[in-house]
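For reference, the structure is listed below as structure tokens.
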Amino acid sequence: MAVDLLLGLQWGDEGKGKIVDYLTKNYNIIARFQGGPNAGHTLEFDGIKHVLHTIPSGIFHKEAVNVVGNGVVIDPVIFQKELNALAKFNLDFKETLLISRKAHIILPTHRLLDAASETSKGKAKIGSTLKGIGPTYMDKTGRNGIRIGDLEFDNWKEKYRQLANKHQALIEFYNVDVQYNLKELEHEFFEAIESIKSLQFIDSEEYLHQAQIDNKTILAEGAQGSLLDIDFGTYPFVTSSNTTAAGACTGLGIAPNKIKNVFGIFKAYTTRVGSGPFPTELFDEDGARMAKVGNEFGATTGRPRRCGWLDLVALKYAVQVNGVTELMMMKGDVLSGFKTLKVCVAYKYKGEEIQHLPYNIEAENLEPVYKEFKGWKEDISKHSDFDSLPQTLKDYIKFIEDELHVPIKIVSVGPDRKETILR
Ligand code: IMP
């Protein structure tokens, strides 16, 4: 059976968690392929709001198996907290939550290194979530990392000590003020490790290969967004993994020719958390309104998200890099009540109008070219069929589809599982 893929097309926080949860009924397996607890996937159903960081968003469906793939980096302490927060749902993790032996472990000193690196950068900081993501992927590619599978061998603590000592020397080298008590951090780390050892560790590429032979349906779940991709994002203001479609192949061991549908999720406007270029960012009342109505605060860090109009140039780029076959538009309800909406259809760059993301995408070099749309007044969150939506919203959607040459199959009109219009 082919594998479907779901990923974010902007700077993250598009609402992937909600859609994975919504689609899980169609899949036997949900497999997360990259990132770590820098992600915050928010799900709402039956009056409950739940945020997941590392655990795949299919976890609430008892029949689905959730796989944390080799491309993911795991902080045992955060993972343990996620498991504790799920305790009240009576889920049987032993059977439904499987972890790849090849996934790398975030050590306490990775988090400290993240903080030291960011502090040393001053104003040029990335705006990292400080979860140790960058340093852990650096140790992975530097071939120094510790993997989940290492926990099955007795000597892993020697490896740990060597690496932690090296990290401490590096932290000193940064010569910035990072306060820490390693003994305390290690205590909770080792405790959390013992607890996650009760879960099943698997060779996930083999498991997923066999699942395909057995005709199981698989949805690969991405984290962050395409514009935060280490290669194709707004470097260096990106995360440290491949968030785009190719990341699902390397992060799960799935062959490219086995991928069928690529679901691309985007918000009806744009947000970004952390530093870095954002051409359509708004500093006026419109931006403040999006932030307020959309409750735009980071699910992991609580930081306010920067808000702006939909950037079709950036979205087109993401559709192209990922080979998106179906689009899902989120948070259309947040735009209700705006008299006029704007969509960026080109950039003015060095005196010319361009329709691609230039290498140097600094805000001062770019001026967005906007097309204006009439807004709609009514609250759309109670609509359940597409035809009943206001004509001005349908015009907005049609324009996006025509520009991107990909159909919008889901329109989300509120955070709850039920507030979802399937076309
Ligand atoms: P890091 O991956 O935590 O190092 O953060 C690098 C950049 O990616 C920062 O600008 C973060 O704000 C951003 N980022 C990381 N994870 C997410 C996410 O899940 N949603 C939105 N932005 C994220």
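Heads up, the Cβ atoms here are built off N, Cα and C, so glycines get one too.
Listed features, source TrEMBL:
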BINDING   12-18, 40-42, Arg305, 331-333, 412-414  GTP binding site
BINDING   Asp13, Gly40  Mg(2+) binding site
BINDING   Asp13, Glu14, Gly15, Lys16, Asn38, Ala39, Gly40, His41, Thr129, Arg143, Gln224, Thr239, Arg303  IMP binding site
ACT_SITE  Asp13  active site, proton acceptor
ACT_SITE  His41  active site, proton donor
ACT_SITE  Lys140  active site
BINDING   Ala299, Thr300, Thr301, Gly302, Arg303, Pro304, Arg305  substrate binding site
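Positions of TrEMBL features highlighted on the structure.
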residue: Gly12; record: GTP binding site; CB count, 10 Å: 28
residue: Gly15; record: GTP binding site; CB count, 10 Å: 22
residue: Lys18; record: GTP binding site; CB count, 10 Å: 27
residue: Asn38; record: IMP binding site; CB count, 10 Å: 29
residue: Thr129; record: IMP binding site; CB count, 10 Å: 22
residue: Lys140; record: active site; CB count, 10 Å: 20
residue: Gln224; record: IMP binding site; CB count, 10 Å: 31
residue: Ala299; record: substrate binding site; CB count, 10 Å: 19
residue: Gly302; record: substrate binding site; CB count, 10 Å: 9
residue: Arg305; record: substrate binding site; CB count, 10 Å: 20
Close in space, distant in sequence - Pro304 (substrate binding site), Cβ under 8 Å, 6 or more apart: Val273, Ala291, Glu296, Phe297, Gly298
Arg303 (IMP binding site) CB neighbourhood, other CB atoms within 10 A: 13
Coarse DSSP state, helix versus strand versus coil, of Lys18 (GTP binding site): helix
Asn38 (IMP binding site) as reference: those recorded positions from Lys18, Lys140, Thr300, Arg305 with C-alpha within 10 Å of it: Thr300
Beyond the site residues Ala299, Thr300, Thr301, Gly302, Arg303, Pro304, Arg305: chain residues whose C-beta lies within 8 Å of the centroid, for substrate: Gly40, Val273, Phe297, Gly298
DSSP-derived class (H/G/I helix, E/B strand, else coil) of His41 (active site, proton donor): strand
Thr129 (IMP binding site) and Thr301 (substrate binding site), Cα-Cα, nearest whole angstrom: 7
In sequence order, those recorded positions of Gly15, Thr42, Lys140, Gly302, Val413 whose CB lies under 6 Å from ligand 1: none
Which listed residue (Asp13, Gly40, Thr42, Thr301, Gly332) has most other Cβ within 10 Å, given these are binding-site residues: Asp13
Listed binding-site residues Gln224, Ala299, Thr300, Gly302, Arg303, filtered to Cα within 10 Å of Gly12 (GTP binding site): Gln224
Assigned element (helix, strand, coil) containing Gly332 (GTP binding site), judged by DSSP: helix
Residue from Thr129, Ala299, Gly302, Arg305, Gly332 whose C-alpha is spatially nearest that of Gly40 (Mg(2+) binding site), among the binding-site residues: Ala299
Three-state secondary structure, which DSSP defines for the residue listed as 'active site': helix
Whole-number Å value for how far Gly302 (substrate binding site) lies from Lys140 (active site) (Cα to Cα): 28
